[in-house]
Structure formats: C-alpha cells, structure tokens
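A.B. asks: Pulled these from TrEMBL:
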type	residues	note
REGION	1-33	region 'Disordered'
COMPBIAS	1-13	compositional bias 'Low complexity'
REGION	51-87	region 'Disordered'
COMPBIAS	61-74	compositional bias 'Basic residues'
DOMAIN	88-279	domain 'SAM-dependent MTase TRM10-type'
REGION	280-339	region 'Disordered'
COMPBIAS	283-295	compositional bias 'Basic and acidic residues'
COMPBIAS	309-329	compositional bias 'Basic and acidic residues'
COMPBIAS	330-339	compositional bias 'Polar residues'
Amino acid sequence: MSSETLPTLTETSNVERKQGLSEDQEESQTPRLGEVFEQISKRQMKKLIKQKQWEEQRELRKQKRKEKRKRKKLERQCQLESNSDGNDRKRIRRHVVQSTLRLIIDCSFDDLMILKDIKKLHKQIQRCYAENRRALHPVQFYLTSHGGQLKKNMDENDKGWVNWKDIYIKPEHYSELIKKEDLIYLTSDSPNILKELDESKAYVIGGLVDHNHHKGLTYKQASDYGIDHAQLPLGNFVKMNSRKVLAVNHVFEIILEYLETRNWQEAFFTILPQRKGAVPTDKACESSSHDKQSARVEGGLDSDSSEEDYSRNELDSQHEGEKQDKENSTESTVNSITH
C-alpha cells in the first residue's frame, strides 16, 4: 500500500465515524413515538384526530356543497315556473307607491351621546332603512348631519351602508337642504298635536338616544331655528304606562304604517312594543271608571263589615254580662249554703 492511499483511507474513516456519531446524536435527541404520545394529553390527542378526520373529509364536504348549490338552483327554477300567477316577491314589489313625504333623521346630537347610545342609534337607523325598503308607501328618507362617532361606528360595523339605496345620507344640516316652510320637527314636547300627515312637508325626527337626560332639547332646537313643530297624536288614541317619548325607529315605523292605513290608532298599536303597556284611551277610561266603582263597593263592604263587627261586639258584651250575673248568683248561693 502506498503512502498516498493511507491519508485517504484515514479521512474516509474519520468521515464515517463523524456520520455515525451525528446519527447517534439525532437518534438520542429525537423522542420515540411512544414518548411523543406520552407527552400529549388526551384532549390534544382528540383534537389531532379530529383535525386529521376534518382534512380527510375536505373533498367530501366540497362535493356536498356543490350538490346543495345544484339542489337550491333547481328549487329556485321550479319555484319560478310554479309562480306563473304573478305572486312572487318581485311582482309584489311593483305595486309599491312611492310617497312624496320626506322623513329626516337629524343626527346633529352626536356630541351629546356616549358610544353605547351611538350604537343604539345606528341599529335604529338600520331598522328604519329596512322598514322603508319593505313598505308599500316608502318615504323620501334623509339622514342629515351624518358624521362624527355615528359615521365612524357605521364604517367599522356596517361597511355596506355606502351601498344603501333610496336614502339621502348628507353631512349637511337639514336646514341647509330643505326650505324652512316645508319643515316640521316631531317632538313630544310640542304643544301642537299632529292630526294629518302632509305629504308635501318634510318631517324631522331627532336622532338622539338620551335616556331622558336632555329633556326638551329637540323642541328647543325647533324653536331656535324658527321651524314648525308638532307631536304625534299619541295621547288621543293610546294610554301608556311609560313616558310618551318613543325610539327613532318607532316614530319612523308609525308614520310608514299611517301612510298605508290612514288610521292613527291602528298605526300605534301595530308598532308600539308590548312593554309600553299601551291600551286604547276608551278602554283606559272604562277601566278607570270600573276601578272607581269597585273601590266604592269595597268601601260599602267595609262599612257593612264594620257595622257587623259592632253588632257582634255588642252581643258579646251582653253575653259576658249575663255570664257575670250567673257567676255572681252562683257565688252568693254557695256562700249562703256554707254559712
């Protein structure tokens, strides 16, 4: 063997030794399968099994979704074919008659509300929009002084508002958009009672969720701007347990209902929630007179019972007197016998 081949063999053996050592180290560092299973808890094991099953069934789920879409498509086609008599929603929508009445939600009270109340107002506006879209006589819907916290909340939680249809969302104040003589501010503090709706006018609803913290604010604003104001004829038709201040969406929906029925009482009782304890004024009068009569009857019964108690007491006193006389006579008789 030549001297040149010796270093080569030495280097080869060193490399093999290093590889063997590295493999041994990897084996020693890599935990065995049993050790891995021992380290994982039962809950983690269940999760791993479920995840594996979910991945295995991915194609099956995809297939099921495709079949569901096909089935729904067939159902829709069958429904369109069966609706040849014109009772589908799109054809019903054609009977809608747009009202010329303008209904404005005044959002200029943004700085008077906390975020919680802003979110409530946002939900009420959403409800107004949805009801107006469904109404048989939808109004010209305006949202004025739109900005501040309300706009920020709508941008964050309801990005689709920018695509709303049949609504005018304006950053300007309503007084800048509509003539003063056309405006009527709806406020429960107004002394004027609204009898009819004039569809040539623009009615303003104060967009304020204040929990009674700012009484008379909308009335004051209407007076300051020199515009007409009125309140809904709630007291003429409804007796309520709670205050007459209604939520924004309730006022909005009552007006939509009135435009359809032309009946205030029907509009109020269709829209007002049960928690308000609303009853018709005539029934409220009947119940109050009935309460008075029952109170009188109860008073009469009380007087009769007191007389009865008095006579009973009188009889009891007579019995006690007779008993006392008998006892006295018995004692005198005993005394005479003993003596």
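Including glycine, each Cβ sits where the backbone N, Cα and C put it.
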A.B. asks: Work out, from DSSP, the number of helix, strand and coil residues along the compositional bias 'Basic residues' (61-74).
C.D. replies: 14 helix, 0 strand, 0 coil
A.B. asks: Return the average pLDDT for the domain 'SAM-dependent MTase TRM10-type' (88-279) as a whole number.
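C.D. replies: Here the mean pLDDT over the domain 'SAM-dependent MTase TRM10-type' (88-279) amounts to 90.
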